[in-house]
Amino acid sequence: MSYIKIPSHLVPSDPQGSDLLALEREKATFNVKELTLALYGSKELEKDNRILKILENDPVFDKSNLYFMGRTELFENALRKDKRLVQLIKEHKWNMEEIQAAVSFIDLPGPYGLHRGMFIPTIFGQGTEEQKKKFLIPALKYEIIGCYAQTELGHGSNVQGLETTATYIPETDEFEINSPYLTASKWWIGGLGRTANHAIVMAQLKSNGKDYGPHPFIIQIRGLETHQPLPGITVGDIGPKFGYNATDNGFMLFDHVRIPRFNMLSKFSQIKKGTGEYISPPNDKLSYGTMVFIRAMIVTSVRTSLARAATIAIRYSAVRRQFVDKDQPKKSKDGRIVETSVLDYTMQQYRLFPSSSGDFSLLADLHASSSGLKSLTTTMAVDSIEECRRACGGHGYSNFGGFVTFYQNYLPNITWEGDNYILTHQTTRYLLKTFREVVSNKNPEIYASQSKKNPTLTYILDYINNPNQVCNATTSLDFKNNELQLRAFGHRAAYLIANAVDQIDNQNKSWNSMLIEVNRISRAHCQYLLVKNFITAIQEQPQPITDEKLRILHSSPALKKVMESVCNLFVLHTMEKEIGEFFECRFITDSEAKLLRTQVYDLLQEIRPNAVSLVDAFNIPEFVLQSALGRYDGKVYETMIDWASKEPLNGITLDVNPNSEVLFRNKNKAKL
């Protein structure tokens, strides 16, 4: 409801937002629907449209009041939606992909999120058949609700340092779960605060006086009838957070809680009954499966987040007009000089267009299990969302802009499932090991035969064979050459790896002293992977093309041409941002760097006519955008003032007399 009546005769000053976006769309040099098909494929679009229609027509999923809700009201709303989603899953028999689509459209991280996202996959991946019968089947039916309790108050990334203990008691064939320190409290656990009645708890396994490191245990933490904490368990919500406030992130302490030996997830490692003998897994990394799965999901979701931010900012920048360009003034149809579209300013293009070129859905296998890619892509997404928000000026600070809650809820991706700086250690260790193996091997042809399938080996071998490669660009157009682009990124990554190996092996540098280099190496390697995969998708494909999305892309010359521009901007803008490292490895000279920058500016002009149509092709529905600024119809200002009129504070009349104890004259007429 509206609390203030806005004069109905008032409209925004000309030109109207809808007209401006219509003019933008007329400039497109490609078919928007073709690009949408190339990005998603017909099956995914059909699935998304079908599920979106169901959600939009269900009043439980109405989002009109979300921006006005406090935390308790927001959590209540999220719980209601999660319950309704479970009903729809059963009613429509949705599979995992359909569930993920629905969750993405609802876009409200709720109390059941970790049940679906971590509890169920962990049992599936690490439980025995008997354990699946006991726990997985009721979990899939939502007869029990679980969470994944790993992080503690005192330890996050260092899983080996967790303090919660699980000690085997042979006399009763049980484990005793205990929190020996305050810092052993489980913390940040999604769904634990008020929702879950079961938890997968990562605890230090102890048996016969020996420590065997962190292992997963299923523990019932609340009564199924009363929903009250069970004896020995202290559990609650950790309080308000920067974002994600519709989810009850919780804490939990154990006071010598006993559970059956059966409750240790035992697909890979076991404790023998009675003797307490530990049976180790055949591979100590098998238990990482759940974490790898989640990281893959995070990498996959980056494209949607980038697309959403770019859609809002680019549409709004096309509608928003500020200042008159004295050198090239814009004119309306009747000849009047009008203010310039913000999107026509080169700096705005430089800030926004790389975000619209960051969609990776066309790419081949990104090796999404790579910790380095999780680190790089989520950092890119966070930076791009904030850059897009800032590019929207003052209105980007309003919740109605569609960035505030979106940014707050996306931000945890750079920390959970592995802090982004810590994750780069894993990638770099692998790269240093690979480099040493290649250099020390007396039969390099062995690696040469593998390089076609392993891009890391490709650029390492190229560097070893030619460590003094240089760019040799003579014009700005040379930087559009894909071979040059790949050589540049490969040479830079290999140089950083070789330099680090030399410092560690020959100069006796400690790992800790090399951590800044470690981060640079992982970033360079993963940027090479993104560049290579984007280029591979754009380049000519072996015939016949079986992949529907690639077939659509390569069957339309106009579409392929615009995507080549998008690819080149992504590659060269990334190269320009990292120019210091290309200087350091002596691949590029000062004069070549100027040519590179010229080409980036030229690409902005190439892409400018297609900017709005490119983000239209992302096909992000208004149901998800929830943005006055990013509306497809361009009615920015009408929506901003309409939504402002619905602010509940506007329904309250104050008593502003400082000598009066009354604050609100009509306190009961509208809720704050």
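Every residue gets a Cβ built from N, Cα and C, even glycine.
Because TrEMBL annotations are produced automatically, they should be read as predictions rather than curated entries.
What TrEMBL lists as domain 'Acyl-coenzyme A oxidase N-terminal' is 31-145.
According to TrEMBL, the feature domain 'Acyl-CoA oxidase/dehydrogenase middle' maps to 147-257.
For 288-355 (among others), the entry in TrEMBL reads domain 'Acyl-CoA oxidase C-alpha1'.
According to TrEMBL, the feature domain 'Acyl-CoA oxidase C-alpha1' maps to 359-432 (among others). DSSP labels the residues of the domain 'Acyl-CoA oxidase C-alpha1' (359-432) in these numbers: 53 helix, 0 strand, 21 coil.
What TrEMBL lists as domain 'Acyl-CoA oxidase C-terminal' is 483-650.
Look at the domain 'Acyl-coenzyme A oxidase N-terminal' (31-145): DSSP puts its residues at 89 helix, 0 strand, 26 coil. Across the domain 'Acyl-CoA oxidase/dehydrogenase middle' (147-257), the DSSP tally of helix, strand and coil residues reads 6 helix, 52 strand, 53 coil.
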